[in-house]
Amino acid sequence: MASYKKPRIRDGAVRRFLFVVSLTLAGVLLLLFLVGMISSNEIDDSRSEFSFKFNTSGLIKSIKLPKHNHLSRMLENKNQLPPRNMDLYPNLAEKRIVIVLYVHNRPQYLKLVVDSLSRVTGINETLLIVSHDGYFEEMNKIVEGIRFCQVKQVFAPFSPHIFPNSFPGVSPNDCKDKDNPIEKKCEGTTDQYGNHRSPKIVSLKHHWWWMMNTVWDGLKETTGHLGDILFIEEDHFIFPNAYQNLKMLTELKPTKCPNCYAANLAPSNVKSRGENWDSLIAERMGNVGYTFNRTVWRKIHRKATEFCFFDDYNWDITMWVTVYPSFGHPVYSMRGPRASAVHFGKCGLHQGQGESTACVDNGVVKIDTEEIDKVVNIKPEWGVHMISNQDGYQAGFRGWGGWGDKRDHQLCLDFADMYHVRSKTS
């Protein structure tokens, strides 16, 4: 009996094993079939302006982004390329401050900024990200010539500059100036002063917001960065001591000014070179060489609605008037008593293009760099002078307008969500 039952027991085990295997294979085949169906639906959905994905909470949310044209898709692909000069600078400093330079189309300015950056002590230990508002060949060539550090380029793929015939650029059916949409049968909503959108003007705010969301939440080189990031523009001259001064400021800030959100390379008054006191300064955050960390970015990001609906095409005025006041308490930035960066621009955003001497004096900018600007000139034993009552835009200011079109509001909100709720464009 014993010799008869053992094979029956083994046969039963085998049958149970084969049943489990068959059931597993059936489940796998069903899963593959469902994935194929989902993939097919996603391909079909790519022909629509809307794409639906599940966010982390399990709720369906939609992101509406403009349909890609050939150039915008090419720029999206460029944004995935690794930094250049990794062979020259293979090891970045562990406690580096990433530098982001955002540019538009003023090549004469950019050449001066790049030259000043090449002289900054310690820049070879960090990553320089250049964010382009659209694509301009001369600007691109200048950046491609950088050899003094790792450099990564990103291009705003939905810049109005690369959509000549559709939103966010100029659409054939767009209202212009103070057109009446009903009478003209055109598309658009006006700002508070009755003016319709100007794509070249709104690009300033769109680019800044797209850049911020991309740098903090969309690039593999920075999404895991725990330190500070410095933001500068193409008309900011950077002194040789800027990076070393900034490292000291960010180290001192938690103890010297724990309520300061950021560190700055220059006074909020762009005409000032500093007080030259033996003291650190805490004042409102300026727009020249401002530096903050991910904690501050998360606070800013949570105010996307306030940012995207305030009727002013300037990102900095929007921040000063509506975003910072919404934090519920004063927003201070700490800096040294002598500027480590200066704003030299004489022209507006869309001037100074193409001519060798455009917007600069005889083709050059004369900025005196003294010996004190070449070395760290901040001392850790200094106290902090708080400037509480400051001139400038205050909460309650209505804004300069230029940002009234509902399509711009929606695109701005979508930029805030694009790395949190996956989306497709066609």
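Cβ coordinates are placed from backbone N, Cα and C, and glycine is handled just like the others.
Quick caveat, the model's predicted, so the values are computed rather than measured.
Under the heading substrate binding site, TrEMBL lists D133. Feature annotation from TrEMBL assigns disulfide bond to C175-C186, C257-C260, C308-C412. Residues or ranges marked as Mn(2+) binding site in TrEMBL: D235, H343.
In space, D133 is the closest of the recorded positions D133, C186, C257, C260, H343 to C412 (disulfide bond), judged by Cα positions. The C-beta environment of C308 (disulfide bond), restricted to residues of the same chain at least 6 apart in sequence and closer than 8 Å, consists of W209, H409, C412, L413, A416. Look at the disulfide-bonded residues C175, C186, C260, C412 and count other Cβ atoms within 10 Å of each Cβ; C186 has the fewest. For D235 (Mn(2+) binding site), the number of other Cβ atoms no farther than 10 Å from its own Cβ, over all displayed protein chains, is 25.
Across the fold, the C-alpha of D133 (substrate binding site) and the C-alpha of D235 (Mn(2+) binding site) stand 14 Å from each other. The two recorded residues, C186 (disulfide bond) and C257 (disulfide bond), show a Cα separation of 52 Å.
Rounded to a whole number, the distance between the Cα atoms of H343 (Mn(2+) binding site) and C175 (disulfide bond) is 35 Å.
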